[in-house]
């Protein structure tokens, strides 16, 4: 079965390349485009209307609109301006007056993964405890 299909495929390729045109072998019923397809000129026109083309043109930098912050800028006593709702550090600040936690100085007390990153503390053997 596979050899028969391969011979048919070989025959089709030979006829298509050396014989009659493909339109006579497998006629196309509707050669016109059925949907909205754009040719090369329409693609170029659409690209020229886009924002990237305007950025690449010389002298167009002043014409494009600047992105503004949703928050109005507030002037600090130092003279610098920054919006009042600007994102700050994502670190959670420690509450005032709290005592800092002393971390383990002995690095052998931690488990290490294959990338050299610390991922947990080693469990002390129960026999060593009691």
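Using N, Cα and C of the backbone, Cβ positions are placed for all residues, glycine too.
Model, not experiment: these values are computed from the prediction.
The disulfide bond annotation in Swiss-Prot covers 71-85.
DSSP assigns residue 110 (phosphotyrosine) to a strand in the three-state reduction. Per Swiss-Prot, the feature phosphotyrosine maps to 110; the stated evidence is similarity to another entry.
Taking all protein chains in view, 9 other C-beta atoms sit within 10 angstroms of the C-beta of residue 119 (tyrosine amide). The annotation tyrosine amide is assigned in Swiss-Prot to 119 on the grounds of similarity to another entry.
The region 'Disordered' feature in Swiss-Prot is assigned to 52-91.
What Swiss-Prot lists as region 'Essential for receptor binding and receptor activation' is 110-119.
Per Swiss-Prot, the feature signal peptide maps to 1-19; the stated evidence is sequence analysis.
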